Amino acid sequence: MGNGSVKPKHSKHPDGHSGNLTTDALRNKVTELERELRRKDAEIQEREYHLKELREQLSKQTVAIAELTEELQNKCIQLNKLQDVVHMQGGSPLQASPDKVPLEVHRKTSGLVSLHSRRGAKAGVSAEPTTRTYDLNKPPEFSFEKARVRKDSSEKKLITDALNKNQFLKRLDPQQIKDMVECMYGRNYQQGSYIIKQGEPGNHIFVLAEGRLEVFQGEKLLSSIPMWTTFGELAILYNCTRTASVKAITNVKTWALDREVFQNIMRRTAQARDEQYRNFLRSVSLLKNLPEDKLTKIIDCLEVEYYDKGDYIIREGEEGSTFFILAKGKVKVTQSTEGHDQPQLIKTLQKGEYFGEKALISDDVRSANIIAEENDVACLVIDRETFNQTVGTFEELQKYLEGYVANLNRDDEKRHAKRSMSNWKLSKALSLEMIQLKEKVARFSSSSPFQNLEIIATLGVGGFGRVELVKVKNENVAFAMKCIRKKHIVDTKQQEHVYSEKRILEELCSPFIVKLYRTFKDNKYVYMLLEACLGGELWSILRDRGSFDEPTSKFCVACVTEAFDYLHRLGIIYRDLKPENLILDAEGYLKLVDFGFAKKIGSGQKTWTFCGTPEYVAPEVILNKGHDFSVDFWSLGILVYELLTGNPPFSGVDQMMTYNLILKGIEKMDFPRKITRRPEDLIRRLCRQNPTERLGNLKNGINDIKKHRWLNGFNWEGLKARSLPSPLQRELKGPIDHSYFDKYPPEKGMPPDELSGWDKDF
């Protein structure tokens, strides 16, 4: 063809058929593949169903394994405890119920338990008290400006990042981190030197800036520390012994901060925040006449919300239940007016001004728009439900304020006079027997108590010293003598706590609190002559039984609740609840002992010293936010958990891990099956992360605990009258029967004299 085109040839299949056959073959192949695909789909579905069955079986087995593991752990604990007793007896194995060791068995064996069986006992810890009246070497008053150390911006950023990577420190407020960075100072170490030495007391937190560090326990290498990592943080919470050594492998540079400065920063920032919020609230006409304790609760409830320019904080016409205080930035107020299509500007509000206060009284239809005028506007917010639960409804407050406002001119001295009159009435209630005992021991020498007393046995030992069972010579009158080593008190800077314990116990008179009769002192010890409660420690019984049933736990919790009710009415916070600090009298009633961490605080006030037992401390204590009576309610929740299970809910391999578990909270924690629904609800409500939300700290106070469903039907009046039989009833052979206490070896040597004179008024 002239155009050069080529006529196409028809393709032929090798068998001579045309291309149509190829199409048929493809169709057949597709059909075959579709059939195969359906078969595979069916096979996959079958396998998925089988996999689902396996997963369900695995889930059931996992639950069963967890239950068996828990049961095995409990039985191992009980077996170890009983083997300790058998080993000391040199006899054949004891047969006892895994759930309950009879009191008679405890009575026969507890005196034979060696000291190492107390390894499970929890010890309290404490920082130096914030008021160190009796510390003759206390440092000068803290000055933030003097503590600041110059750094360039890049160093500040690196230190800030290092602190924020730490599991504990990242929970602090940004301002607290900023102040820590400002006050950290450089410390250089030569190759081969120790930054931290195992067994020595710690006082500093460090950030590694240059060089190489390695961590040792004994001679064993544990790890190395990366650059810009924080370490040693436990030492800034309280006086503790280092559990490992940190050695410089090269020359190193660190940034350091000591405990005293850290605690002053925490207290300074929190107090400044509270004071600012308090001033804001005092400017609100609705709230300005509320008493301090109510204002403090509102302050603790306030949350911070942030808005950017143009954001509507309140919209006109909407129903609202939230009250706002402007903490930072400016907002504009606009309102619909006749003759205008758009809302018109009414005014501008600035820091310290407030809006929406009517919402605290009743449902409020917003009468205007509130719009952020700039970025990063900060508002302090509280809603009506929170306000009503923690502070009270408007009607309740109105009734309260009528009496309060009528007495606004009454000064603090008159209020304290009223309280002291109340205390005088309490002192009148002292039994004749107690008055006679006080008169008897008042005649003893103040510096030589053992001229008139003889030691019968040791009831307990601790870092402070010992508690001895003593009796009056030639008389059948017994006491417990707490002997506190003066040198230990000075070394740990606990003079204030010892004096506080003395002062507080001297004014108390409750059947749920151990009584103090007299104090003494010599060159080596200060002494407290206490009521002898010889029913034994609750901790020892819990150790031997493994856990308590619900009726026994309820009785224990009720005794503690009555003790807290009495203390809190007097303005006293306890701060060290645990089974180790609960002791039984002859009738099996519990009494609080060891008031070393107790403190009297004013209404609506907070205290700042880190103290307590690690497994029992509340989050606000760990974070140095300041704390009040609500920490006792937190610890009550932990106690309920431990009584029912044998172990506290938060317990890590070291104290810092325990604190991090506490800060994560109890809300998402799975409870063991032995804790039923009602006690679980009580524990969760007592252990709220926010102190203002805790049961006992709401507007109805401790009555909310007494009326909780788990304690429904409990005979509170019988408990207070001591007519309610105790499930822990004891049988004592006489006033010096100490068979319910563990046996302790004699004290090795005598402590050195301590003659600084801090105890002159003891």
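Placed from the backbone N, Cα and C atoms, the Cβ positions cover glycine too.
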Further binder of ATP named by Swiss-Prot next to Leu459, Gly460, Val461, Gly462, Gly463, Phe464, Gly465, Arg466, Val467, taken from the candidates Lys473, Lys482: Lys482
Residues flagged as region 'Disordered' in Swiss-Prot, choosing from 73-95, 487-509, 740-762: 740-762
Stretch carrying region 'Disordered' according to Swiss-Prot (options 29-50, 117-138, 535-556, 667-688): 117-138
Whole-number Å value of the largest CA-CA distance among Leu459, Gly460, Val461, Gly462, Gly463, Phe464, Gly465, Arg466, Val467, Lys482, listed as ATP-binding: 14
Residue, out of the binding-site residues Leu234, Val461, Val467, whose Cβ gathers the largest set of other Cβ atoms within 10 Å: Val467
Close in space, distant in sequence - Arg242 (3',5'-cyclic AMP binding site), Cβ under 8 Å, 6 or more apart: Ile196, Lys197, Gln198, Gly199, Glu200, Pro201, Gly202, Gly232, Ala235
Intrachain C-beta neighbours of Gly463 (ATP binding site), sequence separation six or more, cut-off 8 angstroms: Ala123, His488
From recorded positions Glu233, Leu234, Thr243, Thr609, the one whose Cα lies nearest Val467 (ATP binding site): Thr609
Local confidence of the prediction over the domain 'AGC-kinase C-terminal' (712-762), expressed as mean pLDDT: 92
Shortest C-alpha distance to Leu234 (3',5'-cyclic AMP binding site) - which of the recorded positions Leu459, Val461, Thr609: Thr609
Residue among the recorded positions Thr243, Thr609 whose Cβ has the most other Cβ atoms within 10 Å: Thr609
For Glu233 (3',5'-cyclic AMP binding site), the three-state class that DSSP assigns: helix
